[in-house]
């Protein structure tokens, strides 16, 4: 799942086009209003993504002092990776796409691409761990239960996997002025400009890596998460019918339905946010001629913008829909502004639910007001 700041430039500067400086040509220049709206959208996402995820991390760590919780730890790791995505993806992508050449040096050329790929990998793998934890908690409550130590080891493992998986990107990106050599421009504004592009030993190597990255960063993890949540939903439905027959409290049934919708929304939203950019990358890698137009960068930025929305969606689902989180957030803001100590508050685990199986009786335990 390549979300690199330099993704658009290889398309239009790989020795195949005279479109490299399409912003220069009046006929290809995107409308000012479109650029302005994109900049505003990116700014809003950047602020919401950083503020939302940072708030979630702070509140979770404050809760961890009172009670260790596996799901909270995994959510904090997810929020950390989302912050890295905001910091390393959005600013460099916007600047590089609008300027149409790289101005941050060779080290940042390699580092930004590498960190971006690592961040995306950590995000999706964190979602996988959360799905596994919820599956064990709900579908298999009597089986193996992840503990806090398992959560930390899992986080270390996914960071190591992500760091290793993205090494080829670090090695393949280089600065070069070759894309600008064959341009026919009325001025020499691009004479000394360079682009940050992927340079592979062969096209086959690039296709193998990009396809493998797509499978490992998107298709396979998303499919696994979907299966886990599907089984969770089916399990919750079955238990809902059992609770209904026992005439249990209907408020619990309503919470059950809300959790079902929440679980499905998480998966659907993540998949939908990253789908356009993945389609763009697949087309670029296999049928790049389809993208050789003066509006190539604009299409890429729109796809990238939609993907970046996922950094705001995660805090929304995992935190802002949690009434206890909203209360804690207001207390945190009040503490930051007024400097007054926060009141003690109840630790609310962000897990979905747990079951109480005793004496052959199955009943739903209390489901928190947020995941």
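The backbone N, Cα and C atoms fix where each Cβ goes, glycine too.
Taken from Swiss-Prot as is:
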- 109-196: disulfide bond (DISULFID)
- 11: N-linked glycosylation site (CARBOHYD)
- 18: N-linked glycosylation site (CARBOHYD)
- 182: N-linked glycosylation site (CARBOHYD)
- 336: S-palmitoyl cysteine (LIPID)
- 1-31: topological domain 'Extracellular' (TOPO_DOM)
- 53-82: topological domain 'Cytoplasmic' (TOPO_DOM)
- 104-111: topological domain 'Extracellular' (TOPO_DOM)
- 133-150: topological domain 'Cytoplasmic' (TOPO_DOM)
- 172-206: topological domain 'Extracellular' (TOPO_DOM)
- 228-263: topological domain 'Cytoplasmic' (TOPO_DOM)
- 285-297: topological domain 'Extracellular' (TOPO_DOM)
- 319-371: topological domain 'Cytoplasmic' (TOPO_DOM)
- 32-52: transmembrane segment (TRANSMEM)
- 83-103: transmembrane segment (TRANSMEM)
- 112-132: transmembrane segment (TRANSMEM)
- 151-171: transmembrane segment (TRANSMEM)
- 207-227: transmembrane segment (TRANSMEM)
- 264-284: transmembrane segment (TRANSMEM)
- 298-318: transmembrane segment (TRANSMEM)
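Contact between the transmembrane segment (207-227) and the transmembrane segment (83-103) is not supported, since fewer than 3 Cβ pairs fall under 8 Å when only residues 6 or more apart in sequence are counted.
The disulfide-bonded residues in question are 109, 196, and the one with the fewest Cβ neighbours inside 10 Å is 109. The recorded stretches the transmembrane segment (83-103) and the transmembrane segment (298-318) share 3+ CB pairs below 8 A when only pairs 6 or more apart in sequence are counted, and are therefore in contact. Contact between the transmembrane segment (32-52) and the transmembrane segment (298-318) holds: at least three of their C-beta pairs are under 8 Å, each pair 6 or more apart in sequence. The list of residues near the transmembrane segment (112-132) in space but at least 6 beyond its ends in sequence, with Cβ under 8 angstroms from a Cβ of it, reads 1-6, 71, 74-75, 77-78, 80-82, 84-85, 88-89, 92, 104, 146, 151, 154-155, 158-159, 161-163, 165-167, 169-170, 173, 196, 213, 216-218, 221-222, 224-225, 228-229, 266, 270, 310, 314. Within its own chain, the topological domain 'Extracellular' (104-111) has Cβ neighbours under 8 Å at 6, 92, 170-171, 173-175, 196, counting only residues six or more beyond its boundaries. Averaged across the topological domain 'Extracellular' (1-31), pLDDT in this predicted model comes to 44. DSSP assignment over the topological domain 'Cytoplasmic' (133-150) gives 9 helix, 0 strand, 9 coil.
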